[in-house]
Each structure stands twice: as C-alpha cells, then as structure tokens.
C-alpha cells in the first residue's frame, strides 16, 4: 500500500506550515485512485432553501403523497432501502432508487445516464407515470397557486417566470449540497493513519488489487463511467432494465449501467440496479464473480465490506422545511381517483 | 371584548416585577376561553431523539415505505393534507389524518378517542392493516435486529427489554415535544395588543359570540370534548365513520367525534373527519350552519378565517434524523408481495 502513498515524503524535513499546506492540497492522497469528498460551500442559500422545500413537497406528485424524499430519503442514505421504489398507486418501480447523496459527482443521472445533470434528472420522476405521476404543467400550476412559493421563486430567480426550469434548478441546487465529507476513509486519505484499522486497510488493498477500483474510483468511488453488469458471467435477473441501451439504442450498450457510487454504501442497501443483493457481503461476492471472475473467500469479503463501511461520511444535516400552505385556489390532490 | 380581558387590571399601580409575574402566570388572559400554548422543556433528550427516529422510520411498516411522518408530516402542519390517508398498498384510509401537533393536549387520541394517550395511539397505525400494516411483534423483531437501536433503547430505558411498550413510549415522548407556541393569537392573549389586527379581533369576537368557542376552547382550541357532527342539521357524507359509537357502542354516541384542535388550522386542510372541506371558508360556513344553526355572511366568514389564521404557532424545528442502518439480519421489506 505504501508505494501508492505520498505520506512518507512528508517525513522529510519540512516546515510545519508547508506540511499542512501539502495536506490541505491533497498531496497526501494524490496517488490514491479515490479522492476525498469536499464539503460544499453554499453560495445561494435562498435557492438551496427553496430547493429543499420542493424536494420535500409531496404536492409535486399527482397524489400529494410522494416527494423526492420518499425515494431519496435523507434519513436513509438518500435512498429508500427497498428493492425497487413504490410509485403512484403503489406501482412497482422498474429499478432500485439510486442515492441522491454525492450525486452531483456522477457523470450523468439515472442508472442509464439518460439525464445529463441533476437539473435534468429532477424533472423526470415528477412526470413519470410510474413514479410521481404528475405533469410539469400541473406541478407549475400548483406552485403558482401558493403565494409563498411565488414570492420565494421571485426572490431567488429575480423574475416572475415560474416554470419547470426554475423548479428543477432549485431542486438541483439543494441536491448539490448533499455531499458527505469526513468519511473515515477520507480522513485516512488525508493523512490520519489511525482513521481506519488493519482489516479495513486490507479490504482497501484487496479492493484495489482485485480490480474493483477499475470502476469504483474517483471522489464518488463510482459514478464516473458506464460498465456492463455481468462482464465475465451474465447477470441473472428478472428485472427488464437494459441500461445504457435505452438511451443509445446501440446493442453494444445493453446492460451497461452507470457504476453506482460506493459512498455511504452501508446505508443504501439493497444493491444493484435490481436491488437483488440485500447485504454488502452478497454484493461483494456477486461483483467478484461476475465482474472480475474471482471467487472471494469469506475472509476477503469481510475485509472488503469492512473497507466499504469506512466510506460513510457525515450525513447532511437537514432541518425539515415547513412547506408553504396551499391557498384556496390550489387544486387538491385526488390520490384515489 | 375588553370585558373579558384582565389587561386593564394591570393598569393599576403595580411593581414592574409583579406585573411581569402576573403576565408570566397567564393573568393577562385568565378570562379568555383560549389559553396560550406553553413551550415544552425537553427533560429526556435521548428518549425524544429515539422517538424521533422511530417517528421517521418507515421500517415500522410492512412495506418499509410508510412512517408516522407520512401521514403526520411535520413539514405540513403534522398532517398529510389529503382527504383521507394513503395506507399500505395505497389503501384509502377511513378518515382524515388529525395533526400530531399539540396532540398531547387532547383529552384522548384518534377522532373517536379510542386511545387514551399518545403512547396508546402510537401502536395503532403500526398494526392497522389499512395503514402501516405491520404487527407489533414484527416491528419489535425488526428493531432488535438493528444494533444501534438496541443500544439506544438500552441507554434510554436502562434495560434490555425492547417491546412495543418502549417503542410507543419513545414515540410519544417525541410527539409531546411537538407543540407550537408563539402564535400571534397567543401573543395577543399575553398582552401584545398589536399582535392581531382589527379584522382578526372581530373574527375572534364572532367566534366567541356565535358559539364556536363552546367546543373550540382551551389551549388547543378544541381537543377537549366529543361533540356531535351535525348538531342542528345532519352532516351529509359518504364516510362511514361513526365516531365515539365505535368505542362505546351506545347509540347516543353515534357521530360524536373528538373536537379537532384549531391550532395551525391553516396548515391542516382539508377539514372534518372526512376531509370534505377544502378551505377554511367552507369549514366555517358548514360549522355555522350545522352546529350553530347560523348562516354566516361572507364578511363574517372572512373575519373568522382571519382569526383562525392567527392560531399558527412556531412549527417544531426538526432536524431530520439519520436512521440506524439495517443489519444483515434485518428482514427486508417486501412491499409488493
């Protein structure tokens, strides 16, 4: 492991100041294929606050019951911990809900990457008949009927236009704040050698040497590429999602999915696009066999799982928003119609 | 109005200290039939914190999707703003979800008062097949499989017993903190004559003189008695709830419901046990005709509505809890089975 670390170089005589600067600049982990999550500095608090309200507002769904937070629950690692999500009228979703945490670091959004960024993503579930089952027009009409929202949108965007563009921009601004710095592993990357223990370090070494790192790398330990699910052995599932193929319509992209982040992975069970793996141990075993052609031993799996659990960072501290009340003009939801 | 106020007595020469004490003791509003909400002092923070986690934990439902907060949403006045709640498998609930805010001040819980207190109430929805559709045994098994919960229950209760008793006691402890002091009307009660305007004061006077106050009184502006829905004129509804009769089985109790609190009523639409009134104006009109035999004019309704809107207090500031993750032993929810 040490060959990949810059820490030894810091042992050379350096002024304390220089060493601190190098650490701050990330020099201590420059050679590692995973980099720490950087805390977010909120520059537009009003926009983030508006986005938070919208993220928690179930009135953006046909039923008045399902909000972004229903399936990207910030109490539960930004996911819903269900195999596939529950949509309008209890419809079974087609895919496992990916975590919203650190999602701004992904190369694209959704498992198949069909949205280029969080703003584009945010409009999807609102209008998806199997999810929130509303329409962008109805969502905007609803928000326009609520005086406090109208005031807030105007304050944030500086004009009276309240369209789905402003709605999704605000939601994305909130979601961009949902990063999880200070994971134990990041502290280790930053030079605190006591932040992870011997087993966790063994797990990380195996994670690298066995090839997991080829796809799960970068600040999000994933999220940076599309890869084939079932590379060495085919993945068996009843789930009908075909991954990237749905976007490109090219056969070569069939079963290529966005590599999920492993940040906070101990909180985001069950795993894989079909949610078929209940535990991290199962997920590591399956990945080893199907993607790497390697049967990990129980001890090896335990080591990798121990490493993965060091990737849990500080969860966003979210004060529950108080939603602006509907006005007499606001159309009431009819969830049972 | 002034005849009901003790404020004038404070005009007599009194030491500032004495006056302050009298105000603090509520003397300024002693003659009013509504009294201010008193802020809650948390004495057992660990218990409240555990209760908050449980309140937000959807794993207490069969599906893993519905938590206490789903229908008593603390972003929405402690209610769900839906005619009747959505239960397991999208079942239509039998009744409008009452607000959890200030619910500790009610004489009993549920519309028919079938639970004597919040602790007893909390166990109801978990095991109701139309709501969370779990069982107490399954809920307890689930919590016992989660190490962090086991540790927290032990720390709070001082023993290893983790039964539905501890679960509901913790939830109730959290719910007892959900009070909403500092409503503008309470400030007026406490002597700040500028806290409400002339129309709001007119509305309050009419609220008293027309008889609304007979049922909607006390700190919770309701919640203190069971009364017949449709006293002067019968209430027409397709809702089959029979109120207090369900508990006592005495014909005399048919259509007697717990008088709902009017605290934060502008946030808890729609109104009545069947959620049939979308707006406060409709609710005031219907109440006037059916309960008081009085047809309020539009101006009168506007005045009463203006008064009712002064009853919105400080909403509880809730930092979203981070739920302890399931362990490998935790049974996974099967929402679609």
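A Cβ is built for glycine as well, from the same backbone N, Cα and C atoms used for every other residue.
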Task: Please state which member of B:229, B:287 TrEMBL lists alongside B:212, B:215, B:216 for binding heme c 2.
output: B:287
Message: Please report the three-state DSSP label of residue B:71 (heme c 1 binding site).
response: helix
Query: Looking at the binding-site residues B:68, B:71, B:72, which has the shortest Cα distance to residue B:216 (heme c 2 binding site)?
result: B:72
Message: I need the most crowded of these binding-site residues: B:72, B:216. Count other C-beta atoms within 10 angstroms of each C-beta and give me the top one.
response: B:216
Query: Roughly how many Å separate the Cα of residue B:215 (heme c 2 binding site) from that of residue B:68 (heme c 1 binding site), to the nearest whole number?
result: 28
Message: Need one number: mean pLDDT over the domain 'Cytochrome c' (B:198-312).
response: 97
- request: To the nearest whole angstrom, state the Cα distance for the pair residue B:287 (heme c 2 binding site) and residue B:72 (heme c 1 binding site).
  value: 24
